[in-house]
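Student: Here you go, one structure.
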Amino acid sequence: MSSVSASRSPSLFSLLFLSSLLLVSQIHASSQSVTLPFLDGLSYNYYLLTCPLIERIVRKHLEDVFQKDSGQAPGILRLFFHDCFAQGCDASILLNGVGQDDEKQNFANIGLRPEAIQTIENIRQIVARQCLRVVSCADILVLAAREAVRQSGGPDFDVRLGRKDSLTFNVSAPNNLPAPFARTSDLLKKFGDRKFDTTDVVALSGAHTFGRAHCPSLVNRTIEDNPPIDPDFKNKLKATCPSNANPDITVDLDNITPTKFDNKYYINLLNKQGVFTSDQDIAQDPRTKDIVRSFANNQKLFFDKFANAFVKVSQLGVLTGFEGEIRKTCFATNKGNELHGIKSVVEMPEMF
């Protein structure tokens, strides 16, 4: 009897492994591949041997989260951008300062949703229970941001994995983020310094097609007419965000479909109903206005360009190999070097 069960065990393992691969292939078959220069250390199949169902785990959990709270989708996407544009896609934004400020206290990060931050840690706990501690918070954040776009009606596309979590954070690093009152020249300069072109800038601005803005970030739109603003829309903003408004009060970034990822944001800009100065100005600047119009007329074009720009963002300043770690919790770094063995296991798919 023991010899029979011993002979069946490898077969059962093989069937389970093949089933996992089939689920992974189904996820990738329905998504769009983005062709960009290969970044050493990242791959589409990074967790093939250690956590082959990672994308499915993230996807299924967020389906429940977004069903209960659709506002977490733009919250997670913003968290992703603010992490990557600080010191790189290394989950440094998730670290809590002990007796000191951390990146979340920077003025540029005002309004980050605590629920979105907690959701990334919740996913890490679920993944750790199913795959042990082999998946980084940085990769989970990238996957969650991609899902936030996809599950809100936006494009589905593949992302490379293999990032490690940072060992430090930088309180001033969020100063790299473009301000909501920035003009197009400022945007093109900040993004251009990170190797993003003009189309990337306009496409990434389209992330404001869902979510909400806090009154302090748009107060200048209630008192200025440059860039131009629709008078009725301006009065609406004034009513919601008077000069003495509570900073916790928010307005929809897209007044047509505020919870859906689509191209209506660009239609708003053509109607002079951009919430932020940085939004409306790209519809007026001669370097970007034609791209705004093309995205307003062609949602698929916007989706394709956004996916391409998203992947570029996801590869900013990543840590790979032994440069970082796999955190025990997304909110704190590990102590000592006990993760080296686990890192070696994670690297095995790349060896094959």
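Backbone N, Cα and C define each Cβ position, glycine as well.
TrEMBL entries are annotated by machine, without manual review.
It should be emphasised that the depicted structure is a prediction, and the values quoted were computed from it without experimental measurement.
Pasting the relevant annotations from TrEMBL:
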type	residues	note
SIGNAL	1-29	signal peptide
SITE	R78	site 'Transition state stabilizer'
ACT_SITE	H82	active site, proton acceptor
BINDING	D83, G88, D90, S92, E103	Ca(2+) 1 binding site
BINDING	P178	substrate binding site
BINDING	H208	heme b binding site
BINDING	T209, D254, T257, D262	Ca(2+) 2 binding site
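On this model, are these features tucked inside or out on the surface, and what's nearby?
Tutor: All chains included, 20 other C-beta atoms sit within 10 angstroms of the C-beta of R78 (site 'Transition state stabilizer').
Taking the Cβ of D83 (Ca(2+) 1 binding site) as centre and 10 Å as the limit, one finds 30 other Cβ atoms among all the protein chains shown.
Taking the Cβ of P178 (substrate binding site) as centre and 10 Å as the limit, one finds 21 other Cβ atoms among all the protein chains shown.
In the structure as shown, the Cβ atom of H208 (heme b binding site) sits within 10 Å of 22 other Cβ atoms.
Sequence-distant neighbours of D254 (Ca(2+) 2 binding site) (same chain, 6+ residues apart, CB-CB distance under 8 A): H208, T209, F210, K260, K264, Y265, N268.
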Student: Among R78, G88, D90, S92, E103, these being the recorded positions, pick the one whose CA is nearest to that of T257 (Ca(2+) 2 binding site).
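Tutor: Minimum Cα distance from T257 (Ca(2+) 2 binding site) across R78, G88, D90, S92, E103 lands on R78.
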Student: Excluding T209, D254, T257, D262, please set out which residues of the same chain place their CB within 8 Å of the center of the CB atoms of the Ca(2+) 2 site, keeping sequence order.
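Tutor: Surrounding the site, in chain order, are F210, I256, P258, K260, F261, N263, K264, Y265.
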Student: Write down the Cα-Cα distance for P178 (substrate binding site) and R78 (site 'Transition state stabilizer'), rounded and given in Å.
Tutor: 12
Student: Using the Cβ centroid of D83, G88, D90, S92, E103 as the reference point for the Ca(2+) 1 site, which residues of the same chain not in that list have Cβ within 8 Å?
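Tutor: Those within range, site residues removed, are C84, A86, Q87, C89, A91, I93, A138, S166, F169, N170, A173, G317.
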Student: Given the recorded positions H82, P178, D262, which lie close to G88 (Ca(2+) 1 binding site), meaning Cα to Cα within 10 A?
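Tutor: Cα within 10 Å of G88 (Ca(2+) 1 binding site): H82.
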Student: Does anything in the same chain, at least 6 positions from D262 (Ca(2+) 2 binding site), have a Cβ under 8 Å from its Cβ, and if so what?
Tutor: G153, G154, T209, Q299
